[in-house]
Amino acid sequence: SGSFPNPGLYGSYPQGQAPPLSQAQGHLGAQPPQRSAPPQASTFTSPASGGPRMPSMTGPFLPGQGFGGPSLSQPNHVSSPPPQALPPGTQMTGPPGPPPPMHSSQQPGYQLQQNGEFFPKVRLGAKGFSYSGVFLFAFSIIQVIEDDRNNRGSEPFVTGVRGQVPPLVTTNFLVKDQGNASPRYIRCTSYNIPCTSDMAKQAQVPLAAVIKPLARLPPEEASPYVVDHGESGPLRCNRCKAYMCPFMQFIEGGRRFQCCFCSCINDVPPQYFQHLDHTGKRVDAYDRPELSLGSYEFLATVDYCKNNKFPSPPAFIFMIDVSYNAIRSGLVRLLCEELKSLLDFLPREGGTEESAIRVGFVTYNKVLHFYNVKSSLAQPQMMVVSDVADMFVPLLDGFLVNVSESRAVITSLLDQIPEMFADTRETETVFAPVIQAGMEALKAAECAGKLFLFHTSLPIAEAPGKLKNRDDRKLINTDKEKTLFQPQTGAYQTLAKECVAQGCCVDLFLFPNQYVDVATLSVVPQLTGGSVYKYACFQVENDQERFLSDLRRDVQKVVGFDAVMRVRTSTGIRAVDFFGAFYMSNTTDVELAGLDGDKTVTVEFKHDDRLNEESGALLQCALLYTSCAGQRRLRIHNLALNCCTQLADLYRNCETDTLINYMAKFAYRGVLNSPVKTVRDTLITQCAQILACYRKNCASPSSAGQLILPECMKLLPVYLNCVLKSDVLQPGAEVTTDDRAYVRQLVTSMDVAETNVFFYPRLLPLSATEPPAVRASEERLSNGDIYLLENGLNLFLWVGASVQQGVVQSLFNVSSFSQITSGLSVLPVLDNPLSKKVRGLIDSLRAQRSRYMKLIVVKQEDKLEMLFKHFLVEDKSLSGGASYVDFLCHMHKEIRQLLS
Amino acid sequence: MATYLEFIQQNEERDGVRFSWNVWPSSRLEATRMVVPLACLLTPLKERPDLPPVQYEPVLCSRPTCKAILNPLCQVDYRAKLWACNFCFQRNQFPPAYTGISEVNQPAELMPQFSTIEYVLQRGAQSPLIFLYVVDTCLEEDDLQALKESLQMSLSLLPPDALVGLITFGRMVQVHELSCEGISKSYVFRGTKDLTAKQIQDMLGLTKPAVPMQQARPGPPQEHPFVSSRFLQPVHKIDMNLTDLLGELQRDPWPVTQGKRPLRSTGVALSIAVGLLEGTFPNTGARIMLFTGGPPTQGPGMVVGDELKVPIRSWHDIEKDNARFMKKATKHYEMLANRTATNGHCIDIYACALDQTGLLEMKCCANLTGGHMVMGDSFNTSLFKQTFQRIFSKDFNGDFRMAFGATLEVKTSRELKVAGAIGPCVSLNVKGPCVSENELGVGGTNQWKICGLDPTSTLGIYFEVVNQHNAPVPQGGRGAIQFVTQYQHSSTQRRIRVTTIARNWADAQSQLRHIEAAFDQEAAAVLMARLGVFRAESEEGPDVLRWLDRQLIRLCQKFGQYNKEDPTSFRLSDSFSLYPQFMFHLRRSPFLQVFNNSPDESSYYRHHFARQDLTQSLIMIQPILYSYSFHGPPEPVLLDSSSILADRILLMDTFFQIVIYLGETIAQWRKAGYQDMPEYENFKHLLQAPLDDAQEILQARFPMPRYINTEHGGSQARFLLSKVNPSQTHNNLYAWGQETGAPILTDDVSLQVFMDHLKKLAVSSAC
């Protein structure tokens, strides 16, 4: 049921089989032969291949209005003519046979009409496209998001039940921890795992978890409790070393417990003993977080510390490029000024008055300058190290200091740095020695910490890690394209390894005027769990706010240092692959020199045995880390999943957003080793296989020509298309090599919400209040309206050419459209409701994202519009990326090939 | 010239030269039979207040291999305006400026009283003096404080236009930039890694960007002053800055865990100092002044590891070949010393610590470059403070008593050749016709470089008579030697001092009396001692003693008067009478005896012995003892245990120590406080007298001696007891049964026993 046999010219259409409307989740494609049969509705222009252009489309049929709440059990079917019946173009004559989907505002769903005349009257542009004679229905992401928000946003998500699919990342919901980790910490591609590897292989659905161990929680949700088990440390399974968790089974009256991961039977230590109640549950289960909650923390004992010594509080080292470029752009002055106040906001733990974190300062160009800012000094002292080939730290006492103690000296230093180098002529910089120096400094101080590097140019000075400009656009689309993503030299990997060993996390702020080889420079931040920020052609006037905002956030955010993450699973599956910003020296331990609340690790699982439907599959993610105050802790997240013997159960419990997160990361890693085309093809193939498997095994028998999608994956093609046409996998002419490398490494540690919006930007019309978003397609733009578009990194304000003058006046404080400055990055602060609303909206969008999005005002038909249109991902892109419908068609073809 | 003594004294005062023999044996064979080689002690820059330098340039012999300088010994033909070189007999034309000369109108250099003359050269750019402080920061707080104060004080003593630089070191080495305002800036180097001069200059940013050839050629060579301006600055410009900088110097900030020595990168610090000057001011007078408070413990030149449980090498370890780092460290410092010498700079070492600081390994830095070596217990002592202050003392003209970058050239007449020199110099390896094949000291050359010298710096120069026995020198013939010292005066002038001397030849067979009478036993003792000490640096101690003994016996055999096999008949003439006693004390001296001395102390003593003038050297060999008592005016007494009497105050000067020793009774009186009673004022005066005399010595001496005020039974009395001739010991005390003097608890032989043996051996035909 739910599938629509292909009717019309190409097959018989048994009308009686039309599904009841309430079930009409299925959507069909029909084939309008456009050339010979012009559309009857004047507003409908059939897009030949260039994508739909319907600027005047302002009909009442707002996107997704017609979609009813999806019934979870209903797969979504799209039908299209069988391939053999797809003679291209002109061969098709006569009125379209297949019934187009009909939209009714009263009745959600589609009514299929055999009658051709029904078809043109529907505003196909909104939901359906025709391509090469195929008519497919393109599901609206916006609608799905809306629906989920409406259906699931009101109730808290209670984690007590095994294998529950959480609401979408775009939905605001509260989480109640009742034994499983919140989806804010862990999201899975599927909450129902096939019992056998054969099944898993057949389905091709990647089994992956996207884990954000230190995720920030909304204020209404409590952060994990800290459990102190005293000197004996956290209780663990003797064999698999899993930590005590709600799934552990207490037996023999509570004297022993059976490990839920490896089934080993362990003694309960006397101090931990507790009687069981009649259900076999410990009496104190609800008093102990580790027995009742999905996420909690243990205080680690000294055994969990490096060198068997409790760690010292971490340190932050600010390392500032003071070469000519940095001085000239005003960066150094801006930064020094900002640091003076920012140092008061170093992360602190709990209610402590002062941060335990110590700070140090280094400036550098071709050589490094360390500063002694010991509180007893009247003036800071500068120590120059020019032996960059063999870096070392020239001082210990006085380099890392407590901010409040040395405030006067630090202020004096920050005042003097811009002056000291004001006349510098030095243009060359080093890079690896800078990191080396920071790392050595932490080593000497015997603490973990974070380096904040502010760097401007390709490090061409004679030193280890010296780079050359190897940017070459000619390599794009060749087998050698992958070299653009690979680091130039292995030196940085070696360096990163040393950093990780020391718990030295590196955050890199780049201010390039030209190619700086982000691919190489970001190796260390990437492997040490750090972040990279890039401000191309930095100018204080334009980029100040973005940089300072990012910097403030980056400095203030809570970080865990010197961390090791281990994911344990029930016997039967095993974590086999990891994606993210970290380093691994063996196959199981994810080593993170630093980990903050924005960093995500995606873990892929594979079967190594059968799983049991009854006991399900358990995940336990344990993160050992040093807190900002220097406390050694273990954060534990547990998650129980269902197991299935029926493929349909798998497909019913998938989450496309997570799947896309995994696939994007997989693909973005793939470009390091394979040509981009291969990577794209692999993605398409895998996706086709997933869908074909569903079609074959789960959907009710129907015509081969139909595209039938599982309900949970009905957006997979559109998202996948966005991944495929992203800058990394299909760069446009204006995308630089550095941009691609930058985005590539950004995506590596994105969480599901971030990848979701990154690949499918939000487009918000300002005139309407509800629904808040429209589909990312040019045809959605009305030239009388203003739109905001954001993807987590970019923020555009698109102004239609015929926007009312009043609106222009109240937003931009100019009298007409033509007077609006294109490329404007700040809206004037005006005292009127519209201005306030828009600025408020912008602020709230920025607040949602981990990086500050710089606003760019784009006028319709302006040069800058190109930049903006790049983000209208449902349209065909200039770089050759397919439109949504084109791609859907392509997918359909692929699936059909697989099925036949 | 009544006696040889007067002659010798006169010569010393005028020329700063003391010869072992003042009449020279005329053949090689005879010369070797004299046992003591023909040699002299030369004080090239001996202070001559009565000798104003002449403001013109010397006239040179035109023979390219000779180039001797016109001197009073030359024969002059005033009519032909010609002069004959007294070394090569070349006849030379006088230069045009000399056209007016005649018998009555002679230039100074032809007058006999100007056998020593100093010329001031007018040419050449004058560059300021350079003082580069290399300061150890691994010191105790009060030590560092004292050192900082001394350094700050020294800024006021430097010539205002002198350039100063500062390098500090501990675990790291910091080269301080002196020209910056506000923030103090320094370049830091790893203390464990040796760098080439090129690397150092690169890292300090001293290498100038390559200048295109066209530009470089016409440009005046006025490039020096600014290249290194960041690290070396004129005192008058930055003394405030530098005073502050020194004031802010902190102890080395790296933690030193218990049971460890601080990591001290002396080797690299020196290397950087040398490299810095090498690149910026080669061949300009410069002092590298190293202030260190302990042994180098890391990097090239490390002397001992940082584990305190492993003590620094002792003589015992060295003999057992158990000094792990010694050879490598020595090599490092030798390399530095040689580089420094090549650049014409000198290195001073001021080492103040209770334990050894590695002077043994570092000694060559001072020895080869003519730098000072000062050893003390702490920088917070007057010994260091005043010694350091004295570096900057001025002479009668108000000039600093220091000169730089000197080369000493020795020219001899044909019968003589130069065998070598011993002193604070390095060979310039100039082979000439007057260079002997037999080396004594640093030989194989007739030119040496003395990078740093002062008015007392004295070299021992050894000669060989090469005249064959069958070609006797004509009766009345004279041998001549010319010493030419070119140097940079502290006023930055280039100067040349020329000393030309001549001595009579005598046939040793017929005129042995003459030769004997002209023997300068003091000079001979010091010259032999220098040879002995020079040997001791490379040979085993006992071998050197044996060699010295043999030489003494042979000398006695040659010049003593005795009947064979009859020791009692043995007599030595007056001109030899003191010589055996000098040798006795030399054998016991710390220059040859390492027992009871650390390797550092030995190096220190030998360093000073090899550069002091004759008087000071003799004091070092045989300390002076004065007696103060109510029995008469102060008098010198024998350096003998019998001189230690209860009612005497003794003042002993060993050069390195000044000991005031109160006899038993005197000490008791003082304890009783008689000196404070008005009726015993004479006692007060008696107590005061040696103190005043000691002050006088202290004022004049460099380095400051250790000042010891002790009394009978005091622990410090050992300094006195170890020096005096042990004529009374616990072995013979009761046999003598006398009350005089103090017994010395030693098994050392006394001078009497020594002399008895010497006589016996001298008269024995077996030798």
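In case you wondered, yes, glycine gets a Cβ from its N, Cα and C as well.
Please treat TrEMBL annotations as automatic predictions, because they have not gone through curation.
Taken verbatim from TrEMBL:
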type	residues	note
DOMAIN	B:58-98	domain 'Zinc finger Sec23/Sec24-type'
DOMAIN	B:127-392	domain 'Sec23/Sec24 trunk'
DOMAIN	B:403-506	domain 'Sec23/Sec24 beta-sandwich'
DOMAIN	B:520-618	domain 'Sec23/Sec24 helical'
DOMAIN	B:634-720	domain 'Gelsolin-like'
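Pairs of Cβ atoms less than 8 Å apart link the domain 'Zinc finger Sec23/Sec24-type' (B:58-98) most often to B:403-506, out of B:127-392, B:403-506, B:520-618, B:634-720.
The DSSP breakdown of the domain 'Gelsolin-like' (B:634-720) into helical (H, G, I), extended (E, B) and coil residues amounts to 44 helix, 21 strand, 22 coil.
Between the domain 'Sec23/Sec24 beta-sandwich' (B:403-506) and the stretches B:127-392, B:520-618, B:634-720, it is B:127-392 that has the most C-beta pairs under 8 angstroms. Averaged across the domain 'Sec23/Sec24 trunk' (B:127-392), the predicted model reaches a pLDDT of 88.
Residue counts for the domain 'Zinc finger Sec23/Sec24-type' (B:58-98) under DSSP (helix as H, G, I; strand as E, B; rest coil) come to 3 helix, 11 strand, 27 coil. According to DSSP, the secondary structure content of the domain 'Sec23/Sec24 beta-sandwich' (B:403-506) in residues is 0 helix, 59 strand, 45 coil.
Helix, strand and coil counts under DSSP for the domain 'Sec23/Sec24 helical' (B:520-618) come to 64 helix, 9 strand, 26 coil.
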